[in-house]
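Below you'll find the structure, written out as structure tokens, and then a few comments.
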């Protein structure tokens with residue numbers, strides 16, 4: 001066992017250095033027109049490679065020792081691992097027909113672990129000739145699947161930062177990617193065998209491939225993402241919609257540039273149409289996030305009714321161009337439609353979106369989930385959103401009537417969601433191992449008025465989130481993000497913070513890069529939370545009178 005642990009550690013280090021480069025090679029087949037691919041001397045490409053290598057090295061420095069520590073203290077499967085690890089071990093033995101009825105997600109993680117363990121098998125077999133593939137599938141080796149995937153995920157985050165912010169410096173992108181890899185919910189489950197890390201990585205890889213216009217690859221990664229968690233079909237549709245709008249924007253830009261002379265001629269003849277002028281004034285022009293000393297800037301300024309196009313105008317512009325490009329877009333995004341049809345066929349065949357424990361995971365209307373997500377996301381970036389308070393106050397002063405009306409509607413929705421659609425799942429009430437148990441009992445339900453007193457905080461969180469996103473994105477993009485988040489979270493009856501991970505990362509990737517001082521505060525916050533949660537998990541176990549074994553606190 002000692003030998004296996006050492007070999008596992010070495011393999012993690014090697015995989016952490018090699019696999020990200022392999023994924024980068026797959027995803028970054030950049031065309032010659034990509035301005036970030038190369039400069040005259042290849043310096044930019046070298047800097048990018050150095051940035052990725054730095055991210056891999058730094059993330060590995062905590063992933064490997066923390067994985068060893070968790071395996072030392074928690075040697076047996078814990079919580080949901082009691083379902084996932086034995087199922088993965090069935091696959092290692094070649095038994096693909098045995099299925100635990102308590103598992104709700106598809107078998108994507110088990111196939112990934114099987115491929116990962118098979119890649120380690122030659123070295124393991126050479127070190128100990130009596131070993132078989134199934135004997136290698138120990139709890140510690142299977143857990144290391146997520147450790148390797150988390151390292152790859154950090155590189156994908158780095159690449160997304162570079163792609164979404166063409167002017168962002170490599171050093172700043174590297175620093176921010178490392179900080180985001182420490183996000184407590186993602187960091188904690190890196191060391192356990194849950195689906196969250198692989199699910200996040202697949203979704204972000206799908207998004208990165210779509211940004212680079214590799215739509216077949218993006219759809220393939222979307223199919224893989226749904227094999228980790230069914231709700232990722234929503235994020236695949238979100239990515240596809242983002243790709244469609246981007247193609248429309250580029251087409252509008254080309255039409256606007258190539259038709260500039262014709263516009264002058266039409267204007268002289270008195271024939272210029274509203275649509276032709278809208279190409280240069282509407283929100284269809286692509287807003288890229290630029291960075292100058294860590295500050296995001298756009299030509300739009302603070303979002304307001306007076307300096308941004310109407311939502312209806314954006315819908316009409318998108319619809320008009322969508323119709324004119326229907327055949328080109330249909331061909332380009334056909335693979336996404338194939339994945340969607342396959343998913344619909346699966347739901348019809350299965351009779352439900354979940355595989356097992358259907359009664360405990362029935363689809364519900366849990367609108368309060370959106371409020372919880374907003375507050376948790378703001379808390380995770382609290383320095384940024386505290387600064388946002390001044391911007392929101394200024395916006396309210398400038399547009400009192402409109403903002404007051406929006407505030408009243410938001411407060412009414414918050415009250416409606418909390419009073420009528422706040423669900424206390426039996427798992428939440430009965431399991432004191434989760435932090436949500438204590439938050440529900442000692443905060444939300446400490447008094448009958450508390451849940452209503454929290455409504456202003458929920459509303460401020462969403463006002464801050466939307467305000468930040470509107471500085472750099474069209475209204476239609478923000479709307480599609482909010483709808484996708486709602487479609488993922490609202491049907492879930494159980495409050496689980498880890499459900500918020502994917503929408504949080506998409507939010508952060510499209511928000512301004514924090515100032516250096518705020519970035520240090522966020523890093524310190526994440527480190528403190530991670531130390532605290534891991535300390536409770538490893539060193540503060542407790543026992544249940546009605547059940548044998550050691551219990552531990554977990555997110």
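In case you wondered, yes, glycine gets a Cβ from its N, Cα and C as well.
So that you can see what the record holds, here are the features copied from TrEMBL:
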TRANSMEM  53-74  transmembrane segment
TRANSMEM  108-127  transmembrane segment
TRANSMEM  147-165  transmembrane segment
TRANSMEM  185-209  transmembrane segment
TRANSMEM  329-349  transmembrane segment
TRANSMEM  369-386  transmembrane segment
TRANSMEM  407-428  transmembrane segment
TRANSMEM  448-469  transmembrane segment
TRANSMEM  476-501  transmembrane segment
TRANSMEM  521-539  transmembrane segment
Contact ranking winner - 53-74, 407-428, 476-501 against the transmembrane segment (369-386), Cβ under 8 Å:
476-501
Between the transmembrane segment (448-469) and the stretches 53-74, 185-209, 329-349, 407-428, 476-501, work out which stretch tops the count of Cβ pairs under 8 Å.
407-428
Need a quick answer: max count of Cβ pairs under 8 Å to the transmembrane segment (407-428), which of 185-209, 329-349, 476-501 is it?
476-501
Non-local residues, at least 6 beyond the ends, that sit with Cβ under 8 Å of the transmembrane segment (329-349):
215-216, 218-220, 222-223, 226, 230, 233, 236-237, 240, 243-244, 247-248, 322
